[in-house]
């Protein structure tokens, strides 16, 4: 397998390869507050708006739904793609939304009016992922099954750069917070960092076994990259040092689908105290898992529907109805996870036939006495 420029073999640095998978008692409970129905096929992407007032969900049913994040009311539906929607992204001021779809295109939408403002074409296969730069919001990155990364000027609709990024479908494309770098992941098992201005590859990261990488994103401070791989693991990479810092496993199942992750309890949600910063990821068993970002321990779970019905999962899910929430959970794989920008809330999207969007409230719990 060709590695490309800036290669770094991660086999040399695996000090954290084996870590305990769970604490004796979870310290974070997830209570489902809203179960949002309306999509007729799998929900591939969920994203809170930058101010947290809206939640966008993109589905294989070709539509994007906009929900009031506080009430769960559906406030708009964006329709126009001729195939399923794989990803959604908000620009930094929350006025505009981008969508990536299997019809080989991206669309830009006015989130207030629901009008389609522009269609971006050029990819020659499914467009799987998209993200705005977090600075000015003028750049949009997209990744495709055509194995390329594209950078777009959303003001003109012009493709600024086409990068032959990988040798298999690109599963994620995300900017660093200042927009200077883009990280991509692929089913070819590689994570690559790119210079936004030049399009040059700055670093290629890979494991010895190179499992397919289904998701990658920078941490909020852009010092690390979080990724999900199709061997049931999530990993935190120190890309400058060329090594993994932490591996998260044992709390979620992920061998088939591209599942996203997020950060909870850190700088992006500093208005509450959950006791630790966490990596939150979906699972193919229909649950939601939270890991302590520093130790790798499983610190909480949002129960799948079957587990909740049997009294399993965390106490917050099992007691949701009594606490004013929604009993149960997803009945199929959780494909998408997104964390609210300022509140202890996590949104999730379910695979077919679940097809639902759920919002979970996270709260700290006291471990039971031994």
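Yeah, the Cβs are placed from backbone N, Cα and C, and that goes for glycine too.
Per Swiss-Prot, the features are as follows:
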| type | residues | note |
| --- | --- | --- |
| REGION | 1-22 | region 'Disordered' |
| REPEAT | 38-77 | repeat 'WD 1' |
| REPEAT | 80-119 | repeat 'WD 2' |
| REPEAT | 122-162 | repeat 'WD 3' |
| REPEAT | 165-204 | repeat 'WD 4' |
| REPEAT | 208-247 | repeat 'WD 5' |
| REPEAT | 262-301 | repeat 'WD 6' |
| REPEAT | 329-370 | repeat 'WD 7' |
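Same-chain residues lying 6+ beyond the ends of the repeat 'WD 1' (38-77) with a Cβ under 8 Å from its Cβ atoms: 83-90, 92-94, 97, 99, 101, 109, 111, 114, 260, 332, 335-343, 345, 347-352, 354-357, 359. Sorting each residue of the repeat 'WD 5' (208-247) by its DSSP state yields 0 helix, 22 strand, 18 coil. Mean pLDDT of the predicted structure over the repeat 'WD 1' (38-77): 98. Residue counts for the repeat 'WD 3' (122-162) under DSSP, helix first, then strand, then coil, are 0 helix, 23 strand, 18 coil.
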